[in-house]
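Annotation source TrEMBL lists region 'Disordered' at 39-60. According to TrEMBL, the compositional bias 'Pro residues' annotation covers 45-55. Taken from TrEMBL, the feature transmembrane segment applies to 107-126, 133-151, 163-185, 197-217, 223-242, 313-333, 345-368, 375-395.
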Amino acid sequence: MHVWSQEVTLRLHERSGSITFSLPRAAWGLGSMATSSQSVEKPVPLEPQPEPGPESGPGRKHPSWQCLVFFLCFYGFMAQMRPGESFITPYLLGYKNFTQKQVTNEITPVLSYSYLAVLVPVFLLTDYLRYKPVLILQSLSYISVWLLLLFGHSVLHMQFMEFFFSLTMAARIAYSSYIFSLVHPAQYQRMAGYSRAAVLLGVFTSSVLGQLLVTVGRVFFTTLHYLSLAFLTFTLVLTILLKRPKRSLFFNHIEPAPGGGASPSELDQMHPGVDGPSGRKLGGMRLAAWTLVRMLRELGNSLQLPQLRLWSLWWIFNSAGYYLIVYYVHILWNVVEPTTDSTKVYNGGVDAASTLLGAITSFTAGYVKIRWALWAKLVIGVVTALQAGLVFLMYHTKSISLCYVAFVLFRGSYQFLVPIATMSVPAACCDLEAQQGAFLSDIFSAPPAEAT
């Protein structure tokens with residue numbers, strides 16, 4: 001009588017929720033009789049899987065999810081701490097002794113044209129270089145802006161200042177793209193809310209601080225700009241401490257795992273687990289050229305969707321007009337009421353009020369329950385007509401108070417439609433490629449979101 005040894009294999013299938021016992025070479029009996037392989041499957045309920053996020057492997061310690069969110073939001077908050085920004089135009093007209101004609105016709109237009117020139121290249125570099133180098137460029141450009149403001153004396157110096165400011169505006173996309181590259185798709189909505197709240201809070205705090213220092217503390221504009229330079233230097237240190245992601249939307253894309261699995265998040269790449277998805281990073285010049293062709297193809301395909309085309313065209317043209325108003329409104333205020341006493345310049349207070357109203361309208365827009373596919377054109381028409389009326393009022397009124405109120409309402413109305421457009425564009429897309437094409441159409445034409 002021969003008894004063959006038993007070989008038992010235990011396999012745990014997490015996804016199917018079953019345990020399989022295999023007995024491939026078990027035999028009991030006389031002579032050479034042996035039974036074939038037997039398998040018994042028994043469903044076993046598994047514990048619910050935690051929400052995707054940073055996980056620590058055995059023997060390793062990684063920053064908690066809360067610490068990562070806090071650092072990113074703190075960086076977004078500090079990047080907006082520029083209390084002197086609301087007072088740049090009065091500073092140029094008063095302290096630097098530039099004429100209104102020079103500021104209007106020779107200095108400010110450089111911002112618009114240089115921004116148009118650098119927007120697309122900076123966007124492509126942002127994706128190709130994986131965000132962090134562009135964020136460092138943005139911080140260095142901000143520092144250059146304030147160094148030129150403080151120590152520059154000629155129109156040429158101020159034109160270079162506007163050029164560096166255009167680089168900071170073009171690089172704003174790096175922050176929003178960067179935070180999404182670090183987290184799992186399940187965390188996108190939460191991170192979008194956290195990051196936007198941090199940015200708006202930073203703009204509000206910076207504007208209030210600047211206004212209080214000018215009106216209550218009677219601080220000179222020059223001192224305010226030195227304070228802004230100190231904040232920006234600290235922000236540069238925070239930028240250097242940021243971790244550079246390993247993937248991006250287009251040029252550094254990770255192929256999905258075999259079997260139709262979703263692309264791994266950056267955190268999965270940083271802390272791979274036993275069952276973490278595997279991906280292969282694409283690279284090379286041929287891939288870069290193919291990526292550009294794919295981007296242009298997706299851009300053309302996305303514009304064929306009627307609802308997507310409507311919101312994208314609104315976003316393009318309304319944002320263009322919006323930013324022109326923002327660029328030149330401080331000059332208009334100086335025309336309505338020339339600056340004679342710096343303590344009575346309320347630019348910071350107006351920026352703070354408009355930011356607060358913009359945050360409220362953005363939040364409210366998320367809870368408006370109507371059929372946007374049916375009422376989108378009417379809402380866009382009404383809001384755009386309101387904006388046109390407010391611009392007309394600012395141009396014709398001789399009251400600086402009415403100018404302030406009209407500008408606050410103008411910014412609030414714009415911020416009301418921005419989140420609606422943000423929600424409507426992906427909803428109008430049938431697949432991921434169309435969403436990426438919509439993203440491109442808005443990025444190439446106008447800033448996707450306002451940071452200041």
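In case you wondered, yes, glycine gets a Cβ from its N, Cα and C as well.
Pairs of Cβ atoms less than 8 Å apart link the transmembrane segment (345-368) most often to 197-217, out of 107-126, 197-217, 223-242, 313-333, 375-395.
Between the transmembrane segment (313-333) and the stretches 107-126, 133-151, 163-185, Cβ pairs under 8 Å are most numerous for 107-126. Proximity of the transmembrane segment (107-126) to the transmembrane segment (375-395) is not established, fewer than 3 Cβ-Cβ distances being under 8 Å for residue pairs spaced 6 or more apart.
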